[in-house]
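Take a look at the structure below.
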Amino acid sequence: MIGWEDVYKVIVAMVPLYVALMLGYGSVKWWRIIPREQCDAINRLVCYFTMPLFTFEFTAHIDPFKMNFLFIGADTISKFIIVLVLAFWAKFSSKGSYCWSITSFSLCTLTNALVVGVPMLKAMYGPIGVDLVVQSSVIQAIIWLSLLLFVLEFRRAGIEGATADVIADGGGALKSKATSATTTIISSNNNNINNGFDDVVINGGKDLEATTTTLEIGDDVGRRPPFRKLMKLVWLKLAMNPNSYGCVIGISWAFISNRWNLEMPSIVEGSISIMSKTGTGTAMFSMGIFMALQEKVIACGASKAVFGLVLKFIAGPAAMAISCIAVGLRGDVLRVAIIQAAVPQSITSFIFAKEYGLHPEILSTAVIFGMIVSLPVLIAYYAILEFVH
């Protein structure tokens, strides 16, 4: 049973995150230490340096030979259920959108298990809870964050190709500016721009609204680049992205070190940990900066914030419950699987959303307010699941 001491341990794990968040917020909003034009550089530091090293460090220290493969199978099936539902919605619903499907997948499936999940599940179920949460975090880093990165790069490549066509067809004088204009659009935090170009790639051409100009795009202009060329560009970008290597090298070392009882050289471990230890803190600091640049604290609006919380705390655990029952999980493993699916939103998902310009305001709201809501929600799940046998 969870006691007040256990609740306090969870709060102890969560409060430092909000301290980093408020420092980032204050550095832009109150103290004016970081100029607005330098804010994107902070997120890029996190995305390309601290997060890959953080991912490598925690994946390198697990024992892959002691994983619960039935639990991992159930987790994988739950993700596929969500992917199929979202793909069906995007394809056949009039309100469906592939870009919203990407964000919805992040909300339903990607969790901040190491920070919130470990102390919470340890209090609830002891070592078995911690082991399963760590295993789900490793699989999330290896498979699902890598898949998210691929989809985001694919989307960006499609936008770049469509944008180049738009600018080239808009006039010969603008053709030489296609590359620089594309880069500006991709890195912009203006969601109207991002959503407009999403429509170009997905729907073949719509009115594109930007902050200073409006382009009328015909169906023959906003065309997607050839698939082969698009995939070549995506793989090239992924090959240059350190996030593609962090988890792969980490899990490879985990297999080697546990198979032959090797230890990582202290000079290598120290070189990695000096940056990786800042991963979570700098990510929250970047989120605070992002909040400071928005007009409202809840940048996405109350309705979208509630929608995100519903996906996180209801849709994700429901899919996990279905898959666990399907593979035959029972007892505490079943309970841990469902509760870890309701752990708050992954901070990494916001970093990627910010870098690739896809609904960062929704992911930041899900992280910030999701952690506040998560404590009573997880305790409620724990109490309800005690009646499940």
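Glycine residues also receive a Cβ, built from the backbone N, Cα and C atoms like all the rest.
What TrEMBL lists as transmembrane segment is 6-25 (among others).
Same-chain residues lying 6+ beyond the ends of the transmembrane segment (45-62) with a Cβ under 8 Å from its Cβ atoms: 114, 134-135, 137-138, 141-142, 145, 241-243, 245-247, 249-251, 253-254, 257, 264, 272-273, 275-280, 282-283, 286, 348, 351-352, 354-355. If you look up TrEMBL, you'll see 45-62 (among others) marked as transmembrane segment.
Residues or ranges marked as transmembrane segment by TrEMBL: 68-90 (among others).
Per TrEMBL, transmembrane segment is recorded for 97-120 (among others).
Among the features that TrEMBL reports, transmembrane segment is placed at 132-152 (among others).
Within the chain, the transmembrane segment (233-254) has long-range Cβ neighbours (under 8 A, six or more residues past its boundaries) at 47-49, 51-64, 138, 141-142, 145-146, 149-150, 153-154, 156-157, 160-161, 225, 264. The feature transmembrane segment is assigned by TrEMBL to 233-254 (among others).
Under the heading transmembrane segment, TrEMBL lists 274-293 (among others).
Feature annotation from TrEMBL assigns transmembrane segment to 305-328 (among others). Listed as Cβ neighbours of the transmembrane segment (305-328) (distance under 8 Å, sequence separation of 6 or more from its ends, same chain) are residues 70, 73-79, 81-82, 104, 107-109, 111, 298, 334, 337-339, 341-342, 344-345, 362, 365-366, 369-370, 373-374, 377, 381.
Summarising the annotation, TrEMBL assigns transmembrane segment to 365-384 (among others). The list of residues near the transmembrane segment (365-384) in space but at least 6 beyond its ends in sequence, with Cβ under 8 angstroms from a Cβ of it, reads 2, 7, 10-11, 14, 17-18, 21, 107, 112, 116, 120, 124, 287, 291, 298-300, 304-305, 308-309, 312-313, 317, 335, 338-339, 342-347, 349-350.
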Among 6-25, 132-152, 274-293, stretch most in contact with the transmembrane segment (68-90) (C-beta, under 8 angstroms): 132-152
Same-chain residue ranges lying at least 6 outside the transmembrane segment (274-293) that approach it to Cβ under 8 Å: 16-18, 20-29, 34, 36, 39, 42-43, 45-46, 49-51, 53-54, 56-57, 115, 189, 299, 347-348, 350-351, 354, 360-361, 364, 367-368
